[in-house]
Amino acid sequence: MTSYQMLDVRVVDIETVTAQVKRFTLADPQGRPLPAFSGGSHIIVQMQDGEQRYSNAYSLLSSPFELDRYQIAVRRESPSKGGSDFMHDRLAVGDTLTISTPNNLFALAPEAQHHVLIAGGIGITPFMAHLHELQRSGQRYHLHYCFHSEEHNAFQQQLMQAPFADNVSCHVSSLGGRLDLARTLADVEPGAHIYVCGPAALNEAVYRIAAERGIDAARLHSEAFAAEDTAGGAFTLVLARSGIELEVAQDMTILQALENSKAARVECLCREGICGTCETRIVEGEADHRDQYLSEEERAAQQTLLICCSRAKGSRLVLDL
């Protein structure tokens, strides 16, 4: 289970990048350096709107070598669960936000001899900090930035300037410039690692084509800041410590069932299967994992699950609660 510390930051700048994306610059209210982070890190942002609280994970896209500020980019989701609308419509320069210390589930592989980065849309954000690290260390890399049209292009202008321009290719699908994944992955050298962040279809295509090309899964890395659909079959949840039994409806998560019944209190920051704070031990039964946090090995072991998004595979699940 991941442990986070929370801190308050001040919004010092808000920039409209596209019609759907805004970049927020955050700084310590007293001007102190913010906690260190590495490329690929994210923070959990907590938002309070009256009695409603939202909690979302966002990649840090600023340079890890400039800790006087953090920068995040927020795309307005449609439909929004509330967080992106709040950030776009309610947040103003001078406001205070509560954020977590950074955590990294998408770090660069230290053993890689070459880094192939594939970004789709807003999936570019974790790679922005990666690029600063790669440039500083002199490692070889190439970024493929895919987006639908110029109006969906959040960071092309920045990426096509020094020092990144020679290592970046932009692929605009509306102009016939869709990335040829089969060709790209066929040309990957043996010591290269491949990183992908974008829509589920892009992530899945990279993994499928890589498997067809015989690329070892250990050389593939992905991130997606959205849990899979959390709906599924209803099941009985048993709390091992108290013996309480709850029915988890098909459109409800385990976390929601616990909160509604007040049967147990479990900390959860992101509610999207990303932060790991709600990881809970399985006593009996099998989980249908839908998170972005556990490794494939941890999922297969069936020792724990993230209750904000994962469910029971069968009709009954007993948890250490």
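Cβ coordinates are placed from backbone N, Cα and C, and glycine is handled just like the others.
Annotated features, as they stand in TrEMBL:
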type: BINDING; residues: Cys270, Cys275, Cys278, Cys308; note: [2Fe-2S] cluster binding site
type: DOMAIN; residues: 4-109; note: domain 'FAD-binding FR-type'
type: DOMAIN; residues: 233-321; note: domain '2Fe-2S ferredoxin-type'
For this session: Summarise the model's confidence over the domain 'FAD-binding FR-type' (4-109) as a mean pLDDT value.
Result: 94
Exercise. Beyond Cys270, Cys275, Cys278, Cys308, what residues of that chain have CB atoms within 8 A of the centre of the [2Fe-2S] cluster site's CB atoms?
Worked result: Cys268, Leu269, Arg271, Glu272, Gly273, Ile274, Gly276, Thr277, Tyr293, Leu306, Cys309
Seminar exercise, completed: Counting every protein chain shown, other Cβ atoms within 10 Å of the Cβ of Cys308 ([2Fe-2S] cluster binding site) number 29
Exercise. What are the DSSP helix, strand and coil residue counts for the domain 'FAD-binding FR-type' (4-109)?
Worked result: 7 helix, 48 strand, 51 coil
